[in-house]
Each structure stands twice: as C-alpha cells, then as structure tokens.
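The following features are taken from TrEMBL:
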TRANSMEM  B:12-39  transmembrane segment
TRANSMEM  B:59-88  transmembrane segment
DOMAIN    B:62-265  domain 'ABC transmembrane type-1'
TRANSMEM  B:100-122  transmembrane segment
TRANSMEM  B:134-157  transmembrane segment
TRANSMEM  B:190-208  transmembrane segment
TRANSMEM  B:246-268  transmembrane segment
Amino acid sequence: MHIQIDEIAKEFGTTTALHPVSLSIPSGALVALLGPSGSGKTTLLRILGGLEFPTSGRVLFNSQDATGLSVQERRAGFVFQSYALFRHMTVFDNIAYGLNARPRASRPNKAEIDRRVLKLLDLIQLPQIAARYPTQLSGGQRQRVALARALAIEPRMLLLDEPFGALDAKVRKELRQGLRDIHDETGLTSIFVTHDQDEAMELADLVVVMSMGRIEQIGKPADIRARPATEFVREFIGA
Amino acid sequence: MSRAPLIQRTAMPGLGLSAGITFFMLTLVVALPIGALLWQGANFGLSNIWATINRDRVWAALWLSFRLSFLAACFNLVFGVILAWVLVRYRFPGRRIIDAAVDLPFALPTAVAGIALTALYAPNGVLGGLTDQIGWQIAYTRWGIFLALVFVGLPFVTRTVQPVIEEIETEVEEASATLGASRSHTLRHVIAPMLMPAALTGFALSLARAVGEYGSVIFIAGNIPLRTEIAPLLIVIQLEEYNYDAAGAIGLAMLAISFTMLLFINLIQIWSRKRIGHV
Amino acid sequence: MSDATLPKMQARPAATAPRFRSATEESPAARGALIAIATGGLALLVGAPLAAVFAEALMQGWGAAVASLASRDAQSAIRLTLLITAIAVPLNAVFGIAAAWFITKFDFRGKAFLITLIDLPFSISPVVAGLCIVLLFGANSALGGWLVASGHPIVFAVPGIVLATVFVTFPFVARELIPVMIEQGRAEEEAALTLGATGWRVFRTVTLPNIRWALLYGTLLCTARAMGEFGAVAVVSGKIRGQTATMPITIEMFYNEYLSVAAFSMAALLTGFALLTLLLKTALELRHADALSATRRH
C-alpha cells in the first residue's frame, strides 16, 4: 500500500514534536526512520499507526484520506519496542488475539485461526513454542512472536518501533535478516524506527533521516552515504 | 548436600535482642492465646465439638456469616475494581478526597460504623425511611448485615488493585487496539486478566474480614436466632453464659475458616507469580 | 491486500484536525458513568454514615453533645481508651521495629513462616482473639485462677484489654517497616559498623532516620485501630462501667440505653480522630512517598 504523509505536524502542549513533514512511501518498500531520540521518528510512526493524532496535516493510504481512521480501523501491524506481549496468554493466544477480537461476523472459525497461527509460527521459524508464555521466551523469540502477532491481522502495512532495540548484538544481526525475509515474503509496506545507522543502511530500501522534528534527508542508503544533504546527516552517518 | 545453617553468621548487631523481643511478643500475644483455644478444643474432644456445631442455631449462624460475607466480598470485588480504575486513570475534581475516603472503613471504629449505619438505614432513618416506603427494610434484616459487611471490606480490593493498574504499560493496551480490538474487548481480555490475581487477593481479604466482623454488624443485624444471628455473636453469647467449651468449639470452627482463607490467598499469590511472573 | 476494505473518509481541510480519542481511553460516556458509580457509591456507603454520626450527635445542639461527653462514664471511658492506647501502641512499635530488624538484617530458615505468623492476627476474628485470651487467662483456666487468687486478674481488667488490643493491631508496624527495610538493604548499617559505630548508634543514626516515616505511618494506623477496637475488647473487658468500658464499649452501652446523643457524641469524637488519621496518612503518602512501602504510594 502506498502511504502519503502530507504536511503532518504534532504538538504536545507547548512542545513541537513534528514540524510539518511530508513523505511519500511507495507500495512494498522497506523504510527506515533514522534519527536520535527526540527527533520525532517514533511520533511519526505512532501517527501512521493511529496511536497519536496529528495537530495538522493528512495521512493518505492509497490516495484515500486515512487521517480520521481510528487505530482499530487502520489495520496497521504495529510492533512495539517492548513488544507489549500479553503476559497472561500463551504465544498461540497472543498471535490469535487480533483474529479473536474481530466481530463475530468477520471472525474466522476456530480451525481457520489454528491454521493461520501455525502458519505464522512456521514463518517466524518457531513452530514449537505455541504453548509457552511470554515470560518463558528469550528476547529474540519475543520479538518474532510480536511480529507474528502483528502479521496475523493481515495488516495493510507493518510499523516497527525500534524492533531490535532490546536485543544483544548477535541476535540483532540474525533478526535483521529475518525481518528482511518476512518483508520480501509478504510484500507489505514496512516502516521501522531506529537510531542505529548501520541497521538503517543495511536493511532499508529507503532511509528517512530525522532530527528535531524535521526530515533532514530522504534517500537510498547508498545516496545518503555518498551525498549527505546537511551537516547533521554527515555527522550522524559518520559516527 | 548439607542444609543451610539455621541462621547465617553476620556482623550485624542486635540479633539476640531483636529475636528475643520478636519471639517473646509472638509467644505471649499470639501463640499462647491461640494455643489455649486449641488446647481447650483438644480437651473438649472432636465429637463434642461436632455436637456443639451441629445444631441448627450454630449452623445457621456460620452459614449466614459465610454467605453474606461472600456476597459482600463479591460486591466489593466489582465496586473496588471500578473505584481503583477511576482513581488511577481519571482526573476529576475531588479525586484526592475520594482516594482518602476509601480508607475510612479502616480508620473508623467498627462500633461507630455500626450505629451510624443503623441510624441511617433504620425505618425511622433518612435512607431507611425512603426504602421503607417501597417495602424494602434494610436495618434489622440480612440486608443490614450485608451493608455493614460491604462497609468494613470496602478498601481491600481497591487498595490491592490500585498499584497493579498503575503498573500496566500503556503499550499493552495500544497493542490490543492496533490488533483491531475495541476498547471493551481490551478491557475484558487484556486488562481484566492482569488485575485478576490482585483482585482475588483483595476479595479474599475482604471475605476474611467480613466473616470475623462483629462490631459493625450487631447493631444493624437485629440478632434474631436462626435468621440474623452471626457466628461471632454466638461466641459472645456462649461466653456470657460461661459456656467456655461451646464458645471454644465455635471459635475453632471460625479459626478453621480463617486458615482456609489464608491458604487460599497464598495459593492465589503462588499461582499468579508462576503464571505472570510477578505478584 | 484489497483496498475496498478501506472505509471511505470525507476529505477534510488539513488545518481543522478533529478531536480524536486516544486508543487507551474509554468513551466520555463510559468515563462519566464510572466516575458517577465510584463517587456515588462511596458517598452512599462512606459519606452518608459519616454525616449521620455528626448529625445524630448534634441533634439537640452543641451543649447537649458536650455535656454528654462530660458525664462520669464518658470521662472514665475516654481516660481508659487513652491509657490502653498509650500502652498498646508503644508495645507494638517496639515489637514492629524488633521484628523488622530481625527479619530484614539476618538470614535464617523459616523466615516466610515467621512473617505469616506475624500477619496471622489480621485473619482472625477479633471475637475469636478475645476468646483465646479469655481461655488462656480467664478464671476458668489454671493460670487465670492463680492470677485472680494472687490479685492480678488479666481478664475483665486493664491488662486483658491491653493484650486484646495488642493482638488485633499486632502486624501494623512490622508490615509497614519490613518492605521499606528490605528495599534499603544492609549496606548503610554495614558501612556505619566499619566506621566503628556501636549497635545502638547504628540504629539511632542510620536506620531510624531511614524508617521514621514508615514507622510513623504504621504507628498511626495502629493507633486508630487501637482506639476503636470493639469485638476483642467486648469479650475480654467484661464491660464493667467506669472500670473496663473503653470508648467503643461505652458507645454500645449508651446506644442500648437509648442515650442517642451521648452515644453519637462519643462516636463523633472517635470519628474526628479517624478523620485526623486519614488526613495525616494522606499527607505522609503525598510528602514522604519514597520513604513508605511501595504499595502505599498513590
């Protein structure tokens, strides 16, 4: 799905989190929002997911205005930094949650839910953990379960907030490839937030560098490396 | 493998003094008196205890105490969770006063609560007069006992659930919403299970308090044998007749109920620690 | 992914962003209803009885209320309750400090069991507590018979009331101190020891300043309960007018004699104290939250 961000601004009280920013994300792209903390990248992601609402500006999905859609209507697969798994539910119930939450008329039957959850467990290469609770999983396993849970609702896009932030270096490397594979397999437009420039450059098709609530540069990783648009980008990439 | 020593040696001073005071007080105040009750029961004999309890009036009192306490605890479970939610999540004028007022049943002497509730809900009272007009008598009926038991157990659920609500990460609620769940679905399937262990602990505490409650109930109960006579009152009546054996027998029955509930509370906590990884 | 599922939205000028509801909030209607249930329920269950106490006490004016408190029975009840409280609360404070020190500064087997024993009085009916004391020290027991014969009766006398009061308030101070002292650990005390301080000095200059607000908090709750205890005292006191009738017992006597103003005036006095307790408690929670156990901070 093509995502158009049109002059989106966000204020929290007197502080400005986002100055009007515009961005066009082609269908099927894997995009990194890259920047230091406080750059507004997470706010932008949350606005796309419907968790925050912009002070002004519009969000368009496939050229249709989606600004006023509630978080439930957006159907954005959102992966939280802390994963936010439901601790009192098994891995299976976590992944099935979005399907079970649908109104009865559009809810798949039990066999269909079973089939989809098991398929997703295969996709994240953890077919044997369905009966476990989140507290019994490693950090990397939790991240993949959170991803599977987001994919279960057949999302129109995938939004990931610092998906590798809570993991150690080795696991991080493995899961980067995992995310790339899942993106390529599902073809979903995917946007992830990161403060790690290696991660952004290695993984994304398109990198959006942000600072202080503004977009500093948009480009392919190679272009940004070769021709940083501003002093900020040069320093941030060089670091 | 040898067991850990009874007590680890350390440089910290005051072992003898603190242990001495602790065990002396525990023995004098708790262990010896409870031991006296158990001793009395042992001398009286199991068959005599059973014969004492197995009378209509005693059964009726024990059953009334337990049943109304259970109903009052159920009411407090629902109301207490709502109260805790409102106090933690919403900002409205007077919230601080409401928060402080929750503890009033802990601070107010039970006899004061008893006569105040009676004055209010008696047929000639302000609220009792209103309900009397629709033929609903509260004071001197089981409704009155229920009301008093709700009052004394009111703070428990709120106070156990409040810290748990404060610790819920908003991301978990947001995650539920991004997966398409409506707010009410989130409340029922995500929030409610998270509050369950604490709410059940509060429920059990409220129940335990209500079963043993005496001061606030006797004024409003009417104390009619077989109908509105609670178990603790029976003990008092037996003692006034210097029937120590019978009083001890009923006391042991109530002690057994208390221990069962204490066990229940501990089991909930073990279960929730295993299941969710925290209490 | 089909786009037909996308709900149609009217194009809207970018500047006029509508008021959206956060994903983690209830609808305004639900919110209002819940607040109404909470405040309404509390007003009916707690506020109304509170008002009733003062209304009944002042039924015949201030003069009658004050005069009823000046009667001989009332005066002796007030004195007795103050005496009992003045003995029972320090006893429990000393016990609470000793137990918390023992439990948090040393490692030993059976600690969990000891904590359960300390908490036990909370789960026992006050009437059963009174019964236990009567069975141990009453004239019918060997020990009680000897005590009465030697002129030191416990049951139906002040010592019994003190014992009953200590029993029902037993865990109050200890359970406020234990979590705070666990959180604070032992390092500060150990540091003081290495600097040459003696045991008492460590306690007075290091531990006590760290636990003073929690100690005050526990003592406050203990005092409120001690002054108001009814069930256990009713059993052990014998309710002897002018001798073993505490304030709550005297309320019952007045009430049963249809001396409504006298009963409610004394009740109002105790209620005033309960309100003062709540006020101080709330102030402690607001100003010294970090010095209290975690469950007290809200």
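Glycine is no exception: its Cβ is also placed from the backbone N, Cα and C atoms.
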Check the transmembrane segment (B:246-268) against the transmembrane segment (B:100-122) for contact, please; criterion is three or more CB pairs under 8 Å, pairs 6 or more apart in sequence. no
Considering the transmembrane segment (B:134-157), which listed stretch of B:12-39, B:59-88, B:100-122, B:190-208 counts the most C-beta pairs under 8 Å: B:59-88
Please work out which recorded stretch in B:12-39, B:59-88, B:100-122 has the most C-beta pairs separated by under 8 angstroms from the transmembrane segment (B:190-208)? B:59-88
What residues elsewhere in the chain lie close to the transmembrane segment (B:59-88), defined as a C-beta under 8 angstroms and at least 6 residues from its ends? 53, 95, 98-99, 102, 142, 145-146, 149-150, 153-159, 161-162, 165-166, 195, 199, 202-204, 206-207, 210-211, 213, 225-234, 250, 253-254, 257
